[in-house]
Ligand code: RTP
Ligand code: MG
């Protein structure tokens with residue numbers, strides 16, 4: 001299994017719940033390393049650019065509004081099978097369908113306020129990491 005990088009965002013609802021540390025502990029217990037991290041309050045332009053793939057979807061405006069409603073914690077995770085592993089830790093997009101013990105089951109309120117983001121494939125992971133981090137801000141070890 002290849003060592004991969006994936007982009008993770010702790011969304012405004014989970015930052016407001018003060019569970020950044022608990023979420024980081026789950027990444028680390030699963031063998032994922034945090035190799036870059038930054039807190040930011042995204043502008044509308046940043047959120048629209050990040051979610052550009054969804055811009056024709058009916059939920060796009062709500063998604064951008066939510067992602068700009070408060071600070072987010074953005075990180076690059078590295079490890080074996082990191083993209084799939086992170087999405088397994090997150091659980092289903094809709095917290096009502098998320099398995100017990102996943103982040104969305106434990107911390108999310110709704111499909112909009114769903115606690116976390118994770119890249120869904122190697123190509124999108126590379127694009128999303130580069131969207132938020134310059135090469136010299138990433139510290140693999
Ligand atoms: P994410 O990109 O945030 O990691 O979530 P995901 O892959 O599980 O879901 P995706 O299909 O990429 O959708 C991005 C975010 O848009 C919101 N959404 N709302 N109302 C709806 O039907 C709907 N569908 C998606 C969710 O907040 C989702 O995380
Ligand atoms: Mg997605």
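A Cβ is built for glycine as well, from the same backbone N, Cα and C atoms used for every other residue.
Annotation comment: TrEMBL describes 3-140 as domain 'Nucleoside diphosphate kinase-like'. Marked as ATP binding site by TrEMBL: 11, 59, 87, 93, 104, 114. Here TrEMBL flags 117 as active site, pros-phosphohistidine intermediate.
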Review point. For residue 87 (ATP binding site), what is the tally of other C-beta atoms lying within 10 angstroms of its C-beta?
Key: 19
**Study point:** Cα-Cα distance linking residue 117 (active site, pros-phosphohistidine intermediate) and residue 59 (ATP binding site), given in Å to the nearest integer
**Key:** 15
Revision key, fill the gap. CB contacts under 8 angstroms to residue 93 (ATP binding site), restricted to the same chain and 6+ apart in sequence, sorted by sequence, are 104, 111, 114
Study note, to complete from the structure: Across every protein chain in view, the count of C-beta atoms other than its own within 10 A of the C-beta of residue 117 (active site, pros-phosphohistidine intermediate) is 21
Point to revise | Sequence-ordered binding-site residues from 11, 59, 87 with Cβ under 6 Å of an atom of ligand 1 | key: 59
**Study point:** Integer average pLDDT (0 to 100) for the domain 'Nucleoside diphosphate kinase-like' (3-140)
**Key:** 98
Check your understanding: In which DSSP state, out of helix, strand and coil, do we find the residue listed as 'active site, pros-phosphohistidine intermediate'?
Key -> strand
Review point. When neighbour density is defined as the number of other C-beta atoms within 10 angstroms of a residue's C-beta, which of the binding-site residues 11, 104 has the lowest density?
Key: 11
